[in-house]
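Here's the structure, in structure tokens; my notes come after.
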Amino acid sequence: MENEEKREYLAKSRSNSRNFLNDSIESKNIFGVDKKSEPNLKQSIDGGLNFSTTSSYNPSNLPRTSVFVSARNLSSTVGHGKNEKKILTDLNFFLKPGSMVLLLGSPGCGKTSLMNTLALLTSNEKITGNLLFNGKTGDPNTHHRHVSYVVQDDFHMAPLTVRDTFKFSADCQSGDKSEKERIEIVDNVLDFLDLKHVQNTVVGDEFLRGISGGQKKRVTIGVELVKESNLLLMDEPTNGLDSSISLEMLTKIKNKVQQEKMSCLISLLQPGLEITKLFDYLMIMNQGQMSYFGPMNQAIGYFEGLGFKFPKHHNPAEFFQEIVDEPELYCGIDDGSSDGGSGDSGSSSGGSNYNYNFKNKASSTMMMMNNNNKIIPPLKGSDEFAMAYRKSIIYKHILEYIDSHIPDEEERSKFIDYSTTLKPYSTGFGRQLSLNVKRGFKLFLGNKASIRLRLLKNVIIGFILGTLYWKLDTTQADGSNRSGLLFFSLLTFVFGGFGSISVFFDQRQVFYSERAWKYYNTITYFLSMIVTDLPMSIVEVLIFSNFVYWMTGLNKTWDRFIYFFLTCLVCDVMSLSIIRSVCSFTKTKYAASAISPAVVSPFILMCGYMKHSNEIPGWWIWLYWISPIHYGFEGLLLNEHSGLDYHCSPDELMPPSFLPTFNTSYPVGFEGNQVCPITKGEQILDSIGFHTEFYYRWVDLAIISAFTLLFWLITLVCMKFLVFRVYRKDPVGIKKSKPNKTTTLIKMNRNSTDSTTTNNSMNYFNNKHNKKQNDDSDSGEEMESVDVDVKSSGKANLRKDIPIGCYMQWKDLVYEVDVKKDGKNQRLRLLNGINGYVKPGMLVALMGPSGAGKSTLLDVLANRKTGGHTKGQILINGQERTKYFTRTSAYVEQMDILTPVSTVREVILFSAKNRLPNSVPIQEKEEFVDNILETLNLLKIQHSLIGDVESGLSLSQRKRVNMGIELASDPQLLFLDEPTSGLDSSAALKVMNLIKKIASSGRSVICTIHQPSTTIFKKFDHLLLLKRGGETVYFGPTGTNSKIVLNYFAERGLICDPFKNPADFILDVTEDIIEIIQPPQTLPTSTSNENNNNNNNNNNNNNNNNNNNNNNNNNNNNGNTSDTLNNNNKKNLESSLSSSSISFDPVESFKESKENQKLLSIVENSIMPVGTPVAVYHGKYSSTIKTQFIELLKRSWKGGIRRVDTIRTRVGRSFVLGLVIGTLFLRLDKEQNDVFNRISFLFFSLMFGGMAGLSIIPTVSTERGVFYREQASGMYRVWIYYLTFVLSDLPFVIITSYAYVIPVYFLTGLSLSNHGWDFFYHSFISVMLYLNFGLTSIAFATSLPVEEMAFLLNGVLLSVTSLFAGFMIPPPSMPAAWKWAFYLDFISYPLKAFLITEFKDMEFVCTDNKGAIPIPIPSQNTTKFFCPITHGTQVLDRIDYKISFQYWDILIMASFTFALLVGGYLSLKFIRYQNK
């Protein structure tokens, strides 16, 4: 936003506020309605608030584009019979063009379900009642054309820029507009959302750096606004935005709604007063039922009519949300003006001040109390509120209004045509395909790291193959090598397909969203995937083919090269189609990564190389015919061997000359005669069982293409009809846990001085020793106003020898990052000369607009920055920060990264056991955790699994669990980053009550917060306010009811409106351009000073009974006083608003202020009083190695066994494949062909182990985020974490291995000599192999930034290790330059061990000359058959395997295991991709 636009906007906002305040003061009601006069309810319903464009709604007068929504008895259920569950129950409401409806309710109340119902995006729900749009039911095929639905989740294509994201949405949803109009729409939305300056920045994700979280939320809004639809639905659109940006954005939306006559429903979590005033109607939901729907200006009066009391100057949105959840809070409220506490209550016309006092039974007929002196509210529970609303006059008028405004047939024609004549898609098929292809190429080109890696992979593998099979000859050995080379070429592309798993799942949620809104037909998106993949596939195959084909000396004709290229290309595309088809019908990437190898493995096995077609049993021959790889392999062999003549080198002639009977006369010997077994390439094809007709290669290519089309079709069908998740779940019907006595007391008895001792669970955070905290003598009364409550409690602090809080100060703090500008490396300063401090008992708020550096400063103070350059001084208890800092502090991150397979209690207890000193008994640690659970209201869900964001705990619960994990360390210094982000006002207040209590217990607390309500802001006693650029606008105490901070700005001519949230006001001050108002130097407050108010309040507390007895008189007097004060406020405010304005620099003003001078004098010296005890640490970690090892092992093991689906998939996959292999090679005999069969299936077992190892990558990626957080907190040693993770997975590795080995070993009839020892030896080698492959996957997953790269490199490694294992090309045939690769290949050693065990004592025969080579005897005019292999040692000698190395192989494999362990540990310890 430019300077002039900002000035104009601020002026306009100030003018609106001025007009609104004048009206409000005159009527003595913040919503502009005089409570003393009964308004015309029908007129309020018809006109709404601030909807002055039409005095009454007349459908025939509205433009054609308007949509009037009406709902009558709208209900929604899921399930059937006993499992039926109500989602929405008998909702009656309307959405009127030109008006905005605010939807409030706690998480799980049904807000998202209602939004989905209005958008016609329900799937399994049964909808009853009437839902009409302009009097007609919505057509699911065309309804989306008129609806813009902003969902909670920010699903975007990370590599796309902001402009490209908006442009794609506009192109797909506004096809009826010209290109120029669409560009203009995108430009307008970019300006509308203030995203113009980042329009060419990628959206990004956790691994691709892009725009900020708040900007990403605005992008989510923008992709719907470019649609320019008639019905606007927004589900919590302000999450992650600060209050000033939220207000600015919603004000613009309000203007847009009024100007364009849109119908609008918006759900919000913590709306401030200014935001609430923008809405015309209010809808409150609770457990799927409607507690209120009606005009905003009637809501307070409605609830007061039910017996509740709205506190004076309280935020209405908080009142509306809390009253249905915790009605006890608003029963029997003394709306006087006494001040009962520091910041929680008090009286001042300049802020939203209120005071909870309990009246006795005689003083109010509205309040009832039970025998335990607990307040009984007039209404409680969703059923009672819904029933009361249905009996209200408002409900009656709402129904009348809905029924009277359903248009007749004539009027319906003037509205949007909802008939099926409207096309579902705004663009044609060709246009959709063009847009998707264009975006696909942008996405592809945006992932440069993947492009480089894929190209490099093909260069490296192509070079390896070219040099390994350099200039193949036409000898017998090279004939076999040609077949092995061609088989491996296919494997290279098959394994490369695994890299697409993560990409598919990364983009699937975006596709689901766009498919639901009919951006395009599914087939166009599907075709665009194929089209955008094809160029890269062509380049990859071209590079690979040129290296392999010409370097190895394959059949050197251009037509055969072209066929080789085409076959490899089609096989590459086909393998990708197989993997994508698996991904399309699996729910998670965990399942896809486990199932994909199981699908691909039989196709590899049945291709004809490992098991010749003429040897496949009849019950599996169908698998041979449906294996697409078989046709690719057959085509390549036809292309290579057809017409090729082979010869024998002297040592390849049969029988060999060293045979004892070689020169013996017939019939004993061969009389010196020899033959060359294979002289024509067709002989090789015939021996395998392949076609020998040269033309058939094109048939094979056509069949591969047909299989590719089949897998494409499977993928398309699944993508079109399957949906695993589109929107966040909204679990209505789950009863919300009732606030415990402690929490209720904290909220209700805010002015009680002994509330600390009332709360047993909170007391646990108080110090056992009744010490009074010392204040710094130089701080002065204004600079130090912390009231530390450290009363003794019945429960001792865990660390009796350690102070409960600590002293932290920072001076001239500067933080810079390296950036590149104009091709030069420069440093960008994010923090500039920040000063401040925190003491025990202080709760400091870090505030500022987006980009001010709040989180950056918190990360610097908490020592969480992993990059950049920090300057300045940070002292902890007067000393430089040491490596033991993590033992003193705790950091609650904004992102709730938690272990999904652990329970709530387990994660908190885990933190306590690892972060509390080992000297604390286990029983005390568990009691400590119990009290944390009680304090955080988590007892009812303590044994619930955390789960993921979609199916696990709610956002509020996850926030509290995250806090509990850090509180379990019993920290002296607590950092919190946006602890209320994403919470509704009730949940946010609960969290802040806890944080305030923690600070009051004597701890030092620093907290960033971006959108605090008035009530929440008053919880903070100190404020550090930053502006964009990381400069200080204010540091100091806030004062009672924010008096000190507001007076600071008032002295500079900046007056906070009496009804404005002080937090919003001070954020406005941080704008680059601000206007100040002169000459007022103080706030327009009560004529009596605050000390008198405090004294009066104390007297009121001391004489509570007298006050209660005279309550009615006091209320009357308070009403007169309120009128007088409001008149004074109005005069002062009008005088100030009419004054002149000048420019103001908040940073320079603070630098020159006395507050800054006092701050500098404090931070110049140590703020810690002399003689204060300081904890002394002797180690970085609180717990011992033994404790860490046991706790980590327990957690990892529980996490493993709770991933039931993963275990079933891993074990089931191995067992099923074991049965397939076992029955395919059933009861192997000792014939000549069984020699190769034994070798091939043993080699395949190794390959399968490598593919099975891929399934652990998603798990490692998920756990890596948790590890980063815990490691930064200093919970445990890295090597213990890594070792226990591996050990906990070892049993599953063993089970998985045995699930494959047992059926294979006994079904195939492998050796059982030495009393079965060979079986156990084989099993042990298999377990070691599976373990090594798993360790390799872990190393890749921890050392690479994204899963795609981990899958891709795993495929490369599997290809290379398979190549050098000794099966594709025997060691004697390897060039000398590549022999080292054979010895470094960890697959070669288990293959060697398998073969030595199997062949060392085995004899082979040629029954009925089967497999024997006929040797002509010319002298006798006959033929004698030669059996090539009669003993297994011949096989071992031919491949140069020594029997004596059988057990050395185990040691070598163990050394590989150790090396992989070390490599994984080093990557986990030193490589970080979540940099701050």
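Glycine residues also receive a Cβ, built from the backbone N, Cα and C atoms like all the rest.
Listed ranges 1211-1228, 1265-1282; the one Swiss-Prot annotates as transmembrane segment is 1211-1228.
In summary, the transmembrane segment (561-581) does not lie against the transmembrane segment (1239-1259): fewer than three C-beta pairs, each 6 or more positions apart in sequence, are under 8 Å.
Among the recorded stretches 455-475, 590-610, 1211-1228, 1239-1259, 1324-1344, the one sharing the largest number of Cβ pairs closer than 8 Å with the transmembrane segment (1448-1468) is 1324-1344.
Contact counts against the transmembrane segment (1349-1369), taken as Cβ pairs under 8 Å, peak for 455-475 among the stretches 455-475, 590-610, 618-638. A Cβ distance under 8 Å defines the sequence-distant neighbours of the transmembrane segment (485-505), meaning residues of its chain 6+ beyond its ends; these are 454, 457, 461, 465, 469, 472, 540-541, 544, 548, 552, 554, 568, 571-572, 575-576, 578-580, 583-584, 588-589, 592-593, 596-597, 600, 603-604, 607, 609, 629, 632-633, 636-637, 640, 1254, 1346-1352, 1354-1356, 1358-1359, 1362-1363, 1368.
Contact check: the transmembrane segment (1239-1259) against the transmembrane segment (618-638) gives fewer than three Cβ pairs closer than 8 Å, residues 6 or more apart, which falls short of the contact criterion.
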